[in-house]
Amino acid sequence: MRLHYLLFVFLILFLVPAPGDAFLPKTLRKFFCRIRGGRCAVLNCLGKEEQIGRCSNSGRKCCRKKK
């Protein structure tokens, strides 16, 4: 039974990101951008696209074709 507690602690430590490392939130943002029919643009959206969100805090934008 103690082994279960130890494995649980290692699982929690593995999933909690280190300070400055946003792997899990960044991946989730990209995933939700794709679900909404968008793509992650590096700097700006193209002329025929609109911004519907953000893919990261560093400036990547989630863009989708205008309706």
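Including glycine, each Cβ sits where the backbone N, Cα and C put it.
What you see is a predicted model, and the numbers here were worked out from it, not measured in a lab.
Features of the protein shown, as given by Swiss-Prot:
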type	residues	note
SIGNAL	1-22	signal peptide
DISULFID	Cys33-Cys62	disulfide bond
DISULFID	Cys40-Cys55	disulfide bond
DISULFID	Cys45-Cys63	disulfide bond
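Using Cα positions, the member of the disulfide-bonded residues Cys33, Cys55, Cys62 nearest to Cys45 (disulfide bond) is identified as Cys62. Sequence-distant neighbours of Cys40 (disulfide bond) (same chain, 6+ apart, CB under 8 A from its CB) are Lys30, Cys33, Cys55, Ser56, Arg60, Lys61, Cys62, Cys63. Cβ packing within 10 Å was compared across the disulfide-bonded residues Cys33, Cys45, Cys62, Cys63, and the lowest neighbour count falls to Cys45.
Cys55 (disulfide bond): 23 other CB atoms within 10 A of its CB, across all protein chains.
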